[in-house]
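Trainee: Before anything else, here's the structure in question.
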Amino acid sequence: MSVTEEDLCHHMKVVVRVRPENTKEKAAGFHKVVHVVDKHILVFDPKQEEVSFFHGKKTTNQNVIKKQNKDLKFVFDAVFDETSTQSEVFEHTTKPILRSFLNGYNCTVLAYGATGAGKTHTMLGSADEPGVMYLTMLHLYKCMDEIKEEKICSTAVSYLEVYNEQIRDLLVNSGPLAVREDTQKGVVVHGLTLHQPKSSEEILHLLDNGNKNRTQHPTDMNATSSRSHAVFQIYLRQQDKTASINQNVRIAKMSLIDLAGSERASTSGAKGTRFVEGTNINRSLLALGNVINALADSKRKNQHIPYRNSKLTRLLKDSLGGNCQTIMIAAVSPSSVFYDDTYNTLKYANRAKDIKSSLKSNVLNVNNHITQYVKICNEQKAEILLLKEKLKAYEEQKAFTNENDQAKLMISNPQEKEIERFQEILNCLFQNREEIRQEYLKLEMLLKENELKSFYQQQCHKQIEMMCSEDKVEKATGKRDHRLAMLKTRRSYLEKRREEELKQFDENTNWLHRVEKEMGLLSQNGHIPKELKKDLHCHHLHLQNKDLKAQIRHMMDLACLQEQQHRQTEAVLNALLPTLRKQYCTLKEAGLSNAAFESDFKEIEHLVERKKVVVWADQTAEQPKQNDLPGISVLMTFPQLGPVQPIPCCSSSGGTNLVKIPTEKRTRRKLMPSPLKGQHTLKSPPSQSVQLNDSLSKELQPIVYTPEDCRKAFQNPSTVTLMKPSSFTTSFQAISSNINSDNCLKMLCEVAIPHNRRKECGQEDLDSTFTICEDIKSSKCKLPEQESLPNDNKDILQRLDPSSFSTKHSMPVPSMVPSYMAMTTAAKRKRKLTSSTSNSSLTADVNSGFAKRVRQDNSSEKHLQENKPTMEHKRNICKINPSMVRKFGRNISKGNLR
């Protein structure tokens, strides 16, 4: 980005911008006095040819009163017409001189022109169209970021205005500031504050605050007329990062100036303060014009330049004719209302082209003190280490590149040709493979869509049957059958095509195996060459990428189909629910609502509220009638590409194949399996045996599964089965007897113990629990494995007296399913402890010395009268050996104590 002095233009660069006409000028019908010819030439007050004819002859009518057109041609460095944008002005004015600014040259951009010509709009702009100042700051910091690795850059800014020949700081509240001249620094404003922003956002914030403090008042010519000259200056200091005793520091200054417009009191209507402001503005602009005339007059040498006639010209001393590269933006109006102002602006701009500057880069050679030598040496050492690391990385990369080049040269020409041939074959194979796979996924999506549409047709027909009359149902049935037949035919066709695509895919896979085998023959060890192996892997990855993208597209299509059906269902529900509520309220007010209707309405309310139902861990709750709609996981699952089986002669197992993912039915997890699920079979290992621990054997443990009598209604209430763990037997202990005339329960006690608990049968053997279940036919159907158990010498089968299981208050078990509250009551009462034997008598020969606890079902007459099927469970404990004491966990529930 270095710029030499020979490359720079020593003349002031002048551009002209013509603003568009405003609504007021268009309404008045003023003619234009500025005509833009091209990007460099414009004509002021062009001639208008008026040709008149009288009786077919040309006549020249000379109007003596009419003023002759000047028809002046001006040539500038750039001319912007009415359609130009802020970015175009920035690209041709400020952006080119930023290179000079970064190389240490002072630069100035000033906007000159009459009031209302568009100077402030060009320099500052608006929120929608930022001006030159804003764009300059953004581009400057962008350039600084590009060179931050080579140079250390620091910036400082100041913002002032010249108002009524007084200088004020726009960034802080201060009084008038004095202008002084320094032999080294040049023109200096004493007391002007400098701010050091860290980013372009911060510097733009400072610029915005300064614009708010600037003096502006409306006049007859301009609603937002600037009453002062604004000067925004940026100081840039650059220093090389390379540590050295002699440091080269570049210091440059850029000035962005927005001048106030010249005006006439007769046209602007200025009075009082506005008149004084206009006078001072014209005075400073007149001094500026004189300076421009003096600098442009090359005939007179050593001529005095009147810089001190105004504060403005004193500030612009460096910018005009000094060590500065200056660009003037002359803003003019095309309307004839500003005829004189436009002419004067163009005249001064044309003279400013002749101003020459003496450009010199501001580079200072700073000699560091001897005390800084140690710091400089350390910085140089760190820089040397950094450069060595970069050089080492470069050499390693170069060596790796050389090895690859040598490896390529070592490959013989015939082998290269073979590799190229196989690469072409792989391209053709995978291109065909990709087409087959895409077609297969498309067919799979169409089949899923066909399945969904079939289900939606059936669902719609069911709704019509529930809602419409018989005639409409008959018509709908005909339409449904016709559509289902079409869908079925379509499905058969799609399935046939899918099978064909699968066959083609298998053929492609076989060809791929053959090609892999042939590629393995290229090397002596039977492995595929690295080049071909990489190509093969890339082809597989590309195929997987295409496959996943296609699956995503198909999923979106299916989701849209489901969303459409969901919206239709939602519309039906939104129409039905208010109608149902209205009918319910009407029937209730008329007294026509019965208990069944109330129950149905409450059930619908629960469904609408989405309330959850509490169930036991192993309880199989009555599920509503399932529809045939496949789950979302099934619909959104496509056959995936699995790895191809590796071939024997090739070590690489690249390739893909179609693998169908089996869909698993979602099941509810159980905390502990029920002992009635047939877990104690011979096929199950000992580690999977059912643990039949008593719920009260270890302090407080809740029942982890629902009692069978509460979970399911009995088929034969006169027979039950008792399951009990024993510590002395490893097989089943069956006890059966006939029922008596008082509907006593027939009980068959089958005792089983898991293998993993044979060594842990200490005190817990006393904590046994009987579980009532069905017997005879139902038990034979449920546990067929029990009949096939081997009866070895260790198995003991004992028949006990049925009178020992007779109960005092025995009654048939109700056949209906108990309510949730009944199940909860049964669970609570299961933990009750009754040590007396007055309620029930349990007599048995206990030769092994263990305790038994029997749960019985009792119900009171009061409950029978109220038709509430509640079941009481009482425990009866037989006489046990005094040395064996039963331990129970305490339950702090009040409902368990009587």
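Even glycines carry a Cβ here, placed using N, Cα and C.
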Trainee: From SER412, SER599, SER695, SER883, name the one Swiss-Prot lists as phosphoserine.
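Mentor: The residue tagged phosphoserine by Swiss-Prot is SER695.
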Trainee: So which of SER87, SER200, SER803, SER838 shows up as phosphoserine in Swiss-Prot?
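Mentor: Record lookup in Swiss-Prot returns phosphoserine for SER838.
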Trainee: Between SER674, SER684, which does Swiss-Prot record as phosphoserine?
Mentor: SER674
Trainee: Swiss-Prot tags one of LYS24, LYS503, LYS530 as SUMO2 cross-link; which one?
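Mentor: Among LYS24, LYS503, LYS530, the one Swiss-Prot marks as SUMO2 cross-link is LYS24.
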Trainee: Can you tell me which of these residues Swiss-Prot lists as SUMO2 cross-link: LYS67, LYS356, LYS698, LYS794?
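Mentor: So the answer, going by Swiss-Prot, is LYS794.
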Trainee: Sorry to bug you, but what's the C-alpha spacing from LYS24 (SUMO2 cross-link) to ALA114 (ATP binding site), rounded to the closest Å?
Mentor: 17
Trainee: Which whole-number mean pLDDT does the model give the domain 'Kinesin motor' (11-355)?
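Mentor: A mean pLDDT of 82 is what the predicted model shows over the domain 'Kinesin motor' (11-355).
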Trainee: Would you please pick out, from the binding-site residues GLY113, GLY118, the one with the fewest other Cβ atoms within 10 Å of its Cβ?
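Mentor: With the binding-site residues GLY113, GLY118, fewest surrounding Cβ atoms within 10 Å: GLY118.
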Trainee: DSSP three-state call for GLY116 (ATP binding site): helix, strand or coil?
Mentor: coil
Trainee: Count the Cβ atoms, other than its own, that fall within 10 Å of the Cβ of THR120 (ATP binding site), considering every protein chain shown.
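Mentor: Looking across every protein chain shown, the total is 24.
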